Amino acid sequence: MSRLGKFEVLDHPLIQHKLTIIRDKNCGTREFREVVNEIAELMAYEVSRDMPLEDVQVETPITVTTKKSLAGKKVVIVPILRAGLGMVDGILELIPAAKVGHVGMYRDEETLKPVEYFVKMPENMESREIFVVDPMLATGGSAIMAVDALKKRGAVAIKFVCLVAAPEGVKALRTAHPDIDIFAAALDDHLNENGYIVPGLGDAGDRLFGTK
Ligand code: URA
């Protein structure tokens, strides 16, 4: 049986401070984009805490010694298009050798269900650590479908990383995929009737890309 994943709010003071900056409706596109990446970078430090290590020999100027080095295949960052793209560069600052997969979905107007339209992943997904990123975990529909798409391609070690989560989204994702870890910078109050997180920060994609 697979392990039970955890839900963790990464509430480091720097993360809380930066999140408050981007919640402000007067925060412009440029600052919003910069600070989203800064938060993603800080979160990546905690999210990667249990990355596997192996012993390697290293020759220092003084002697030969055995020390730790990252083991296994490269991490994969998987942004959910399009808002997830806003978190990629920040994580790459910390894990520059990571590979980047992409998953895109749209909402079918009739069924209201998310439909996969683009999935492109590196090979050997079954033996990689995967960070699925999307700034907002609202209903959980896209997150569930993105994780479905990854598992269909063999992925096992999946972590979902968002900035703001709604309790409804956390519950839905944990129910659909109890084995994955979920990390958020904040757990907000609820979803409103339009599916926005309250208090939230509005439409993350529009705010990242300056669209309306
Ligand atoms: N997606 C967003 O960008 N914002 C929300 O509040 C909910 C979903």
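Heads up, the Cβ atoms here are built off N, Cα and C, so glycines get one too.
According to TrEMBL, the domain 'Phosphoribosyltransferase' annotation covers 9-211.
Cβ environment of Ala138 (5-phospho-alpha-D-ribose 1-diphosphate binding site): Ala166, Glu168, Gly169, Leu191, Gly195, Tyr196, Ile197 lie under 8 Å away, each six or more residues apart in the same chain. The DSSP secondary structure for Ala138 (5-phospho-alpha-D-ribose 1-diphosphate binding site) is coil. Look at TrEMBL and you will find Arg82, Arg107, Asp134, Pro135, Met136, Leu137, Ala138, Thr139, Gly140, Gly141, Ser142, Asp203 tagged as 5-phospho-alpha-D-ribose 1-diphosphate binding site.
Per TrEMBL, the feature uracil binding site maps to Ile197, Gly202, Asp203, Ala204. Within 10 Å of the Cβ of Ile197 (uracil binding site) there are 27 other Cβ atoms, across all protein chains.
Its Cβ placed at the centre, Ala204 (uracil binding site) has 25 other Cβ atoms within 10 Å.
For Gly202 (uracil binding site), the nearest neighbour among the binding-site residues Arg82, Met136, Ser142, judged by Cα separation, is Met136. Annotation for the binding-site residues Asp134, Asp203: lowest Cβ count within 10 Å of the residue's own Cβ, Asp203.
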